[in-house]
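Note sheet for the following structure.
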Amino acid sequence: MLGRPKFVLASGSPRRLALLNQAGIEPDALRPADIDETPTRGELPRSCANRLARAKAEAALKSVQLDDDLRGAFVLAADTVVAVGRRILPKAELVDEASQCLRLLSGRNHRVYTAICLVTPKESFRQRLIETKVRFKRLNEDDIEAYVGSGEWRGKAGGYAVQGIAGTFVVKIVGSYTNIVGLPLYETISLLGGEGFPIRAGWLNAS
């Protein structure tokens, strides 16, 4: 990785890491931010995603500033919010939460918002918010019970993982697929490239 700036991913998400790897980018370090991700009272989905992505970036930056090997690195944070109308769905941890999410999503449209926040080596903050519309098929109780039993929903915004079994529930997607997974690749790479990060440096070894 010599010859390019250091890059830190402010996330412990295997999905976000895999998406970056898909684009030929291997972070020099992972700095997951331990923050309260509870929406504030009356907070709208867009505002929530933007606020949490910024908070994660700020927390990771503090860690990077204390590390001589990483000081001056690019820092990337992201937060994904699933919403039905103005209602923000939880990042389900309990069976009842997951079941409730799936019943709410059944047979209707919902929106997935991912906010990305990039801190440049000069410690400027750059943010973008990406929205994808998703429609689920009508789920019956057998679908819900079996999916909840799979456990793949745990910790996922909206109680599902589109890259897993829940992909079979999706009737239609309008917008970025990788946004639903947790990191909109096109917008992320465009943002990095626009701030001077050598986005093609890892392509030669990508295979």
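Glycine is no exception: its Cβ is also placed from the backbone N, Cα and C atoms.
What you are looking at is a predicted structure, and each value in this text was computed from that prediction instead of being measured.
Annotated features in Swiss-Prot:
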SITE      R15  site 'Important for substrate specificity'
ACT_SITE  D79  active site, proton acceptor
SITE      T80  site 'Important for substrate specificity'
SITE      Q163  site 'Important for substrate specificity'
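Note on proximity: of the recorded positions D79, T80, Q163, the one nearest R15 (site 'Important for substrate specificity') is Q163, by Cα distance.
Note: the CA-CA distance between T80 (site 'Important for substrate specificity') and Q163 (site 'Important for substrate specificity') rounds to 15 Å. Cβ environment of D79 (active site, proton acceptor): E37, C48, A49, L52, A53, K56, T114, A115 lie under 8 Å away, each six or more residues apart in the same chain. In the three-state DSSP scheme, Q163 (site 'Important for substrate specificity') falls into the coil class. Long-range C-beta contacts of Q163 (site 'Important for substrate specificity'), restricted to its own chain and to partners at least six residues apart, with a cutoff below 8 Å, comprise R15, V181. Cβ contacts within 10 Å of T80 (site 'Important for substrate specificity'), excluding its own Cβ and spanning all protein chains shown: 27. The local packing around R15 (site 'Important for substrate specificity'), expressed as other Cβ atoms within 10 Å of its Cβ over all shown chains, amounts to 18.
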